[in-house]
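Novice: Please read through the structure below; I'll follow up with questions.
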């Protein structure tokens, strides 16, 4: 009887330790969620600040300057002509337009690279979160299974004890 009680106490200790492990995992998940949220906020802030939603004035990820200019030439030509009173040749207009596109490209390039890295980081956080949630789900399933087994074991012990008590009472009444 005494040894069985010690085993039961050991089972209770294991369950408590698992709960502490789960709490620690949940806390680390919260800190990662915060980090992912901070990254997302930083990305959004940069996009808004630099008007990156306007594809006519923003290079696409990893787009070379030449391709960016080809894709957006009309915008830059219009901007180059805006407010000009003197006549400019087509070549001068294109040169001015290219310089404006190049300035914008050079201004945004390091930031776009940083954004690209932040977005990759954000994807990694999201993947890690989903993997951790899956691990936690599996761990919880295992814990539930273990608790069910423990409860079944305890009810069988209780039934045997009740049976023995009944037998003892029957033999006492003889």
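Each Cβ is built from the backbone N, Cα and C atoms, and glycine gets one as well.
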Novice: According to TrEMBL, which stretch among 77-125, 126-174 corresponds to the feature region 'Disordered'?
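Specialist: Checked against TrEMBL: region 'Disordered' maps to 126-174.
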Novice: Count up the helix, strand and coil residues in the compositional bias 'Basic residues' (142-159) according to DSSP, in that order.
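Specialist: Within the compositional bias 'Basic residues' (142-159) the tally stands at 18 helix, 0 strand, 0 coil.
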Novice: Could you pull the average pLDDT for the domain 'DUF4110' (51-137)?
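Specialist: Per the prediction, mean pLDDT sits at 89 for the domain 'DUF4110' (51-137).
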Novice: Count the residues of the domain 'DUF4110' (51-137) that DSSP assigns to helix (H, G, I), to strand (E, B) and to coil, and report the three numbers in that order.
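Specialist: Here the numbers are 65 helix, 0 strand, 22 coil.
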